[in-house]
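Now, the feature entries from TrEMBL:
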{"type": "TRANSMEM", "residues": "12-29", "note": "transmembrane segment"}
{"type": "TRANSMEM", "residues": "41-59", "note": "transmembrane segment"}
{"type": "TRANSMEM", "residues": "89-116", "note": "transmembrane segment"}
{"type": "TRANSMEM", "residues": "145-163", "note": "transmembrane segment"}
{"type": "TRANSMEM", "residues": "175-195", "note": "transmembrane segment"}
{"type": "TRANSMEM", "residues": "215-238", "note": "transmembrane segment"}
{"type": "TRANSMEM", "residues": "250-276", "note": "transmembrane segment"}
{"type": "TRANSMEM", "residues": "296-328", "note": "transmembrane segment"}
{"type": "TRANSMEM", "residues": "355-380", "note": "transmembrane segment"}
{"type": "TRANSMEM", "residues": "386-403", "note": "transmembrane segment"}
{"type": "TRANSMEM", "residues": "430-449", "note": "transmembrane segment"}
Amino acid sequence: MSASRGEFSSRFGFIMAAAGSAVGLGNIWGFPTQTASNGGAAFLVAYLILAFCLAYPALMAELVIGRHGQANAVSALRKVTNQAWQKKFAFLVGFGGIICAGLILSFYAIVAGWMLSATLEPIAQLTGQVQAQTWLSEQSLSRNIIFTAAFIILTIAIISKGVENGIEKWSKRLMPALLGILFMLIIYVMTQEGAVEGLKAYLVPDFSSILNPELLVNALGQAFFSLSLGTSVMIIYGSYISKKENLVSLGAYVTLIDVFIAFVAGLLIIPAMYVAQAQGVQIFSAEGTLLSEDTLVFQVLPALFTSMGYVGIFVGFAFFALMSIAALTSSISMLEAPVSYAVERFALKRLQATWLIGGLIALVSFTIVFNLGSLFGFVITLTTKIAQPLLGLMCCIFVGWIWHRSALLKEIQQGCPEAGNSFFWKVWPWYIKFVCPIAIALVFANSLLS
Ligand code: PHE
């Protein structure tokens, strides 16, 4: 490993950085919203199955490619190829992932901007700044532009500092705090009227809807989004893992933490929706469908915090502050994907590359802000429901079909000499070769045909 590339300094540091990438708005904004609009518990069951059976093996594929390549996504994918067409394919998948990461950041920064403004709102309230409070709490062009820009600048500031002092240092600080505050809020919500009904909607599945093609494709997209797959992010994070580490357990930790936090966020948000509805906030229409999907969390949670009285102001502040931080540990991974490519491919300085690419992404973000009604949903669908699963599938094809099995095994055995004999490694190469691509393709075909 060349010293200039950077490397995670410890196992804990990697887990926190990769889990930091995985845990973000997808867990606390995306997952509960998707669950609520896709039939509650049935979605949860589909999600859990797809996350462990398809997304985790696909995550392993990306981490292995990355650690083997010790380079940006395009070069790492190229390294396992030997024929000309394979090299072109590697470029397509690696570069496609990089573009996908940039596009995700462009809408992610908007939602994270909402989180930032929701963090400042309680401060405005406490200090009696009524005008500022109204401005912070309402959707407006000026608010969205300012906070989107602020969030992108924060992301740039961290990424320009590199792996160990930027990504790792920040990622490992605040995850425990986020969990603590989630649990505290769940306990409070459970004491409120309506919570039990919400809990039932979340935990008691109606199995008849589980094979609904729309539900399945949404759950797959959500699982890939949540584990940051198909965006070359996990390839690049994999490339910063030391050869001494055991990849299987690292990947398993990241998946478990990610799924656990999404599940816990559901325990908070879904019952909170029912509590808010019982308190007179309009969450569902008369037919029982969700009224405002994208901004759901921003209606439900503030209503909850208000119901807590004075304490709610502090809890609201702490919650949204931690959410902004969780969003930041994800957004830095999205920016790292194109930046590491630009630095290695065009020999740019990290600082220049970060500002250049961050600036470009900000322009795309502003375009979306100006056309929120038409572009926001479109970019989300394009990246998370289509591009991520398909690019993730391609990574499985690289590992299963293009890379030589013996070379793959050699890479895996670094840091885990007994790997060759373990059950996981005996099954996984076949699994990634046949089961993952076919299952992902089936979920797609199913939703296209329905
Ligand atoms: N996994 C992140 C989340 O759940 C989002 C993400 C997607 C991060 C793609 C990096 C790449 O919020």
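The backbone N, Cα and C atoms fix where each Cβ goes, glycine too.
Unlike curated entries, TrEMBL annotations are predicted automatically.
The stretches the transmembrane segment (215-238) and the transmembrane segment (355-380) are not in mutual contact, being linked by fewer than three Cβ pairs under 8 Å (pairs 6 or more apart in sequence). When each of 41-59, 89-116, 250-276, 296-328 is scored by its Cβ pairs under 8 Å to the transmembrane segment (386-403), the top-ranked stretch turns out to be 89-116.
Only residues 6 or more beyond the boundaries of the transmembrane segment (175-195), in the same chain, are considered here, and those with a CB under 8 A from a CB of the stretch are 16, 19-20, 23, 257, 261, 264-265, 267-268, 271-272, 274-279, 304, 307-308, 315, 318-319, 322-323, 325-326, 329.
Pairs of Cβ atoms less than 8 Å apart link the transmembrane segment (145-163) most often to 355-380, out of 12-29, 41-59, 250-276, 296-328, 355-380. Of the candidate ranges 41-59, 250-276, 296-328, 250-276 contributes the most Cβ pairs within a distance under 8 Å of the transmembrane segment (12-29). Same-chain neighbours of the transmembrane segment (250-276): 11, 14-15, 18-19, 22-23, 26-28, 31-33, 35-36, 40, 44, 47-48, 51-52, 55-56, 59-60, 63, 175, 178-179, 182-183, 185-186, 189-190, 192-199, 201-202, 226-227, 241, 283-284, 296-297, 299-301, 303-304, 307, counting only residues six or more beyond its ends whose CB sits under 8 Å from a CB of the stretch.
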